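K.L.:
OK, Swiss-Prot features for this one:
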BINDING   17, 39, 66-75, 121, 182, 191, 211-212  substrate binding site
ACT_SITE  68  active site, proton donor
């Protein structure tokens, strides 16, 4: 069974969605001890971000590598093994059975936790229909969540809109990691299924991934602290 961190600051994951290590390092220095957990995605990973991940881990931070792996089993397993050596806490894979099975098996005994991406938070019903899916967002997310749990995945990446339903489906056995978090008054951007921090926690999210509302803020540290404060009082 997974355990939700008792320290609200450990439940905030800041997405380092910047183009290079120099900007990311500057942001991390600005945020200082207000943030303990960072996410590194495609943009930064391919610009030196994986080396930076090692530095962050060495400095006592936690790192979530968001590469959404999806390939043949051997290739996924090799990628998982490489990421595990970095000392990362989380790694994402797409929620396809063969991909999840390979990732879970490769992560055994490493300390790396595998998160399955159910449906991207930038997708809505129309997007799924255009891509050829017959199921709607809620049904597809539920189907993939059940498959992920049966395979032994550690957690799910889902929008806050699906969190309550997923918690009912998977119980307390999986961590729910929720992107698309926007404090009241923030721009939605390219996300289509968004929610405030307090509402996301109330819906059952264990971790909140926040990018632009902190990264693009005039005062990133104050923005991060405000979200942590909101997490602390949410129920």
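Placement of Cβ uses the backbone N, Cα and C atoms for every residue, glycine included.
These numbers come from a predicted model, not from an experiment.
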K.L.:
Give me the count of other Cβ atoms within 10 A of the Cβ belonging to residue 68 (active site, proton donor).
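P.N.:
Other Cβ atoms found within 10 Å: 18.
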K.L.:
Have a look around residue 67 (substrate binding site) and count the other CB atoms within 10 A of its CB, chains all included.
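P.N.:
Other Cβ atoms within 10 Å of residue 67 (substrate binding site): 17.
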K.L.:
When neighbour density is defined as the number of other C-beta atoms within 10 angstroms of a residue's C-beta, which of the binding-site residues 73, 211 has the lowest density?
P.N.:
73
K.L.:
If you draw a 10 Å sphere around the Cβ of residue 70 (substrate binding site), how many other Cβ atoms fall inside it, taking every protein chain shown into account?
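P.N.:
The Cβ of residue 70 (substrate binding site) has 17 Cβ neighbours within 10 Å.
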K.L.:
Any idea what DSSP makes of residue 67 (substrate binding site), helix, strand or coil?
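P.N.:
DSSP call for residue 67 (substrate binding site): strand.
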K.L.:
For the binding-site residues 17, 121, which Cβ has the most other Cβ atoms within 10 Å, all shown protein chains included?
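P.N.:
Max Cβ neighbours within 10 Å, all protein chains included: 121.
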